[in-house]
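Feature annotations, reproduced from Swiss-Prot:
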- 14, 15, 16, 40, 41, 62, 63, 64, 135, 136, 137, 138, 145: 4-CDP-2-C-methyl-D-erythritol 2-phosphate binding site (BINDING)
- 14, 16, 48: divalent metal cation binding site (BINDING)
- 40: site 'Transition state stabilizer' (SITE)
- 136: site 'Transition state stabilizer' (SITE)
């Protein structure tokens, strides 16, 4: 085992199907007029992928283990709450967050016009820098067919 303290990197992925009648929360922002996402919490794929990447990088588990459906206190929880709790858990375990990069994958909502607001909302909730991008799958897969939304995130953590 290497005794040199190095940064650690984690990857997180989250996918949720669209669900009529639910508000749409993505990247800690509500998207009025958009169909929401199904899920135990608010279905915020960007926040969930970021949490998963951070938990993985710090060896604290994954999204399902920490905030899973067996945890009723997180039913309906916002992505911002999950990000803040993830940051708290990492800090308690001796980790500092370097940054998080998130890519939202899907046809809607269109992120471009609110990307900076989304980055700020996620960064404030996490207490660390978050960058955000978005892409489509050119009609391929569940996101291309408009069945849901996905996100992938990469996180860098260092020993505090």
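Every residue gets a Cβ built from N, Cα and C, even glycine.
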**Message:** Which one is it, among the recorded positions 40, 48, 136, that lies nearest to residue 63 (4-CDP-2-C-methyl-D-erythritol 2-phosphate binding site) by Cα separation?
**Reply:** 48
**Message:** Helix, strand or coil for residue 16 (4-CDP-2-C-methyl-D-erythritol 2-phosphate binding site)? Use DSSP.
**Reply:** strand
**Message:** On a simple 10 Å Cβ count over all chains shown, which one of the recorded positions 40, 48, 145 is most densely packed?
**Reply:** 48
**Request:** Determine the C-alpha span of the 4-CDP-2-C-methyl-D-erythritol 2-phosphate site listed in the record, that is the greatest distance between any two of 14, 15, 16, 40, 41, 62, 63, 64, 135, 136, 137, 138, 145, in Å to the nearest whole number.
**Result:** 29
**Fill in**
Close in space but at least six residues away in sequence, with Cβ under 8 Å from that of residue 136 (site 'Transition state stabilizer'), the same-chain residues are 105, 106, 107, 143, 144
**Message:** Counting Cβ atoms within 10 Å of each candidate's own Cβ, which of the binding-site residues 41, 135, 137 comes out highest?
**Reply:** 41
**Complete:** residue 40 (site 'Transition state stabilizer') and residue 16 (4-CDP-2-C-methyl-D-erythritol 2-phosphate binding site), compared by Cα position, are separated in whole Å by 10
**Cβ packing number for residue 63 (4-CDP-2-C-methyl-D-erythritol 2-phosphate binding site), 10 Å threshold** = 23
